[in-house]
Structures are given as structure tokens and as C-alpha cells.
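Undergrad: Structure below; questions to follow.
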């Protein structure tokens, strides 16, 4: 055998060995894939879908829910009977291909099986999700119905146990309970006949009616109690109180109280219709209106009762208060009479006291009448209170006026004493100012001073005449005092001004000697200033002439002399 042939045989043998090994490996790999697919199929088949279907089936669904269940149930039946069988056949066929080393067909078959299992897996997920949704929806529907029934039963029990508290509303409440019961019956009929949409609408209405009626049932007792117990009790109390007040002598400004009682009775009676019709908002409003009217009547009675207390107190206190003011007026009259012996009293004060006396007499008639007729008055106490309080307020005003008059009268003698003291002071001041001027040894007295001086002197004489009159006019005296005060102030200022101007002129004339010998302007000013000083007695003009001339040659000299003078000026010693 040639070497070439040997090599060829060896190569063929090697290829056969390699091919066989590869075939064995591929078959094992496909076996593993097929085993995995078998396990996936078994896992899907063993899911509790049948149990879930039976659970939903036993819920006895109706209407659209039942239609949906049938569709999903049929889908599951198709899967469990057909799809799984197909997969089983395909697995068996793929195993045959694999065992016979037909790997291409085996691979293709395995791919198809994987796709089938993936589709079945998705379908099962959808079926189970749909079944779960049906269970949840049914549970919700059942729970909703049970909840509504529970609320309805509680409402029925509540109404039955508290029937007396609903009054006129009970009949309408029971009627609405029957209507709700009918709605439940209608719901059951529609639901059983496979019309879930309309059944749901009926259930919605029933639930709404239950909630609304529950709210009504909770509100009615309080409104009924207000209408049938509280308001009638208050009205009865008002009518009883009104009778007692009338028997006790009370009167009222309002003349329609009895008719208002009748209107309240009618209003309460009419409001029963709102209760019967369950018009609770209207019923509450009518109750509130009735309560407001009752409160208004209570306020009327309370007003008169409180006014009676005030009237009794005023009747007790006003006579003594009136007597007090009358006594004050008598004292004022006596004081005016006493002062009239010495002073002229103004007609205003005299007439004021007389007017007060006349007013007090008129007030006395009213007060005494009120005191005497207090137990038999035909007026409402609030009216009497207003009248008596007005009198009391006026008496307070009169008392204040009396105090002011008394103070004014007391000032008359004080003003007289003050005037007599001041007239002496002013006379002494006038004499002192005269001596002060004389001591200055001036060449003459300016007319401005003499005019003020003699005017002041004349005014002092006039004041003395007023004070020496048989009956002193104190108003005139006070006017003269005011005039004299201004006169003395003006005279004192004029005196200081004249003396200052004269003194400074003399000092500056003497000071100018140091400049007159060589300054013609100063010499001329000296001559003119001296002439005015000695002949015109115009010391201010004289000072102005010499000061201007000196300030030209020695600026500030006049200011220096003025400052020095003010520090050493001699004051008038009164």
C-alpha cells in the first residue's frame, strides 16, 4: 500500500471521528434545549388557571362581565386543549429530528416551539390578568351594593328608633325610605336581567338618595324641637310675662304687641308645612325669623323693666337734687343782693340767676308730678326715664352754671381789692419815675415822655374815681387796670430810652474832644449834636449825630459805649 493511500485513509478516518463527535455534541445541545422547552411548557400548563377560571365562574357573573368571562374562558380552553397539544407534538417531532441527526430541521422545530411557548405565555398572562380584573370589579360591585344596603338598614333603624323626634316630617321620611327600597328592587331586577349599565345608574341614584335622606334625618330633630318646643315655650313665657307686666302697671310704646304674638303663633303653625315637605332650609329660616321676633319682644320687656328701676331711682334722687340746685340759686340771689350794695352787678348775671330760678320752678313741677304719679303713670317707663334723665342732665348743667356764676361773683371783691392795691402801686411808680428823671439833670424833658406821663397820671385819677364811687363798676375798674398796666409799661420803657440816649450823648460829646481840634467833621457834629441836646431835647437825634461822626474816625466806638452803659445802667427802684 502506498504512503499516499495510507495518508488518505488516515485523513478520512480522522474526519469521520471529528464529524461523529460534532454530531454527538449538537444532539446533546438540542436535547438540552428541548428539555428546557418541555419544562417551560409544563410550568405554564401547571399554572392554577383552571382554579382561577372556576373561581370566577362560581361568582355567577352577569351582563357584560359574564360576556367578558366567556371570551377569556374560551381562550383558555383553546390554549389548554389545542395549543399545548400542538407544542407536545412539535416537541416529539423535534426529538425525532435530533435523534436522527437531522439538526437543521431540529433547529427550525426548536425555534417554532419557542415562539409557540412565548405566545402561550403572553396569552396566559392576559387571561389571568383579565380574570383578576373581573374578580376585583365584582368584588367592588358587591361591596358597593352591600355598603349601600348597610347604610339603608342603619337609616331605617335610626328612623324607627327615633320616630317621635321627626314630628310632621316622619311621613315624608318614611315615604322616601319606601322609594329607596323600590330603587334597590329595581336595581336587582335590572342586574339580574343582564342590564348592568342601567342597574348601575339606579344604584347611583339610590346611594345619592340614602346620603341626602341621612343628612335630612340628622337635621330634622333639632329643627322640629326648635319649632315645637323651644319657640312655643319662649312665646308662652313672653305672653305670660306680658300679662304680668300689664297687671303691674307697665305700659309700652309699642301698641302692636298682642298682634305680634298672634303673628308668631301663625308663623310657627305655617312652618309645620315646611317640616312636612322636608323643606329644611325654609324651616330653619322661618325658625330664625321667629327667634329674632321673640328676641325683639324680650328686649322690649327688658327695656321697660330696666327703665322702671332707673325711674324709681330717679324719682328718689331728683327731688333732693332739685332742692339742692334751688338752694344754690337762692344763695346766688342773696350774694347778688349783698354785692349790689357796693358794686354795680351786670344785668347779664342778674337775669341769668332769675332765668335759672324760673327754669327750676318749671322742672320742680315736672319732678313732683312724676313722683306723685309714679305708681299710676300712663306712659311707658322708658319714656318717663328719658324725660327724667333729661331733667337730671339739665340740673347738672344748671349746677355747673351756678358754680360759674358763684366764682364770677366771688371774683368781684377780689378784683376790687386787687385794683385798690394796684392803683397805689401805680401812683408810687409814677412818682418814682418822676424822681428818676429829675435826678438825671437833663436840660429838658421830651414831649413823648410828658405825653405818656400825664396820660398815665390822668388814668390813675380816673381809676381812683371809679373806686371811690358809691357803687363800684368792677368791669370798668378792670378795664382801667388793663389800660394802666400798658401805660406803666410804656412809660417805663420810654424813661429808660430817654435816659440811655441822653447819657450816651453826654459821654460821646465828651469823648469827641480828642478829635475836634483836628477833625472838622467831628467838630461840626459836636456843635449840631450839642444844640439838639440843649434846645430840642431830642436825645435820640443828638446821639445819632455824634455817634455817626465818631464811628467814621473810630469804628465801633459807639457800640463800645453802649455795651459799657448797659452793664452799669441804674435801674428805676420802685
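A Cβ is built for glycine as well, from the same backbone N, Cα and C atoms used for every other residue.
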Undergrad: Quick check on the annotations: Swiss-Prot lists coiled coil for one of 215-254, 455-494, 495-534. Which range is it?
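TA: That would be 455-494, the stretch labelled coiled coil in Swiss-Prot.
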Undergrad: Quick test of your reading of Swiss-Prot: among 26-47, 48-69, where does it put coiled coil?
TA: 26-47
Undergrad: If we skip the immediate neighbours and take only residues 6+ beyond the ends of the coiled coil (455-494), which ones have a Cβ under 8 Å from one of its Cβ atoms?
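TA: Residues 340-344, 346, 412, 415-416, 418-420, 422-423, 426-427, 429-430, 433, 448-449, 572.
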Undergrad: Hey, which bits of the same chain come close to the coiled coil (375-415), Cβ under 8 Å, at least six residues off its ends?
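TA: That would be 249-253, 303-304, 307-308, 310-311, 314-315, 318, 321-322, 324-325, 328-329, 331-332, 335-336, 339, 343, 345, 349, 352-353, 356, 359-360, 363, 366-367, 474, 477-478.
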